Amino acid sequence: LKCKKLVPLFSKTCPPGKNLCYKMFMVATPKVPVKRGCIDVCPKSSLLVKYVCCNTDKCN
């Protein structure tokens, strides 16, 4: 699995066990990602921070 990094032109291969791509952004600025990469379990979103996870690189 390859997930995009914070710089959109680059991607990285996920290590074993981390089989989800994720994107984290502030709810106030949904167009500006704060973090993106590979993760094992999708974190819960909060009032300030939202996570988008999926098993391809399309979501992040």
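Even glycines carry a Cβ here, placed using N, Cα and C.
Recorded disulfide link (Swiss-Prot): Cys14 to Cys38, out of the candidates Cys38, Cys42.
Spatial neighbours are here defined as Cα atoms within 10 angstroms of one another, and by that definition the neighbours of Cys53 (disulfide bond) among the disulfide-bonded residues Cys14, Cys21, Cys38, Cys59 are Cys21, Cys38, Cys59. Proximity of Cys54 (disulfide bond) to non-local residues of its own chain (separation of 6 or more, Cβ distance below 8 Å) is seen for Leu20, Cys21, Asn60, given in sequence order.
According to DSSP, Cys54 (disulfide bond) sits within a strand segment.
For the pair Cys38 (disulfide bond) and Cys3 (disulfide bond), the C-alpha distance works out to 6 angstrom. The two recorded residues, Cys14 (disulfide bond) and Cys3 (disulfide bond), have Cα atoms 7 Å apart.
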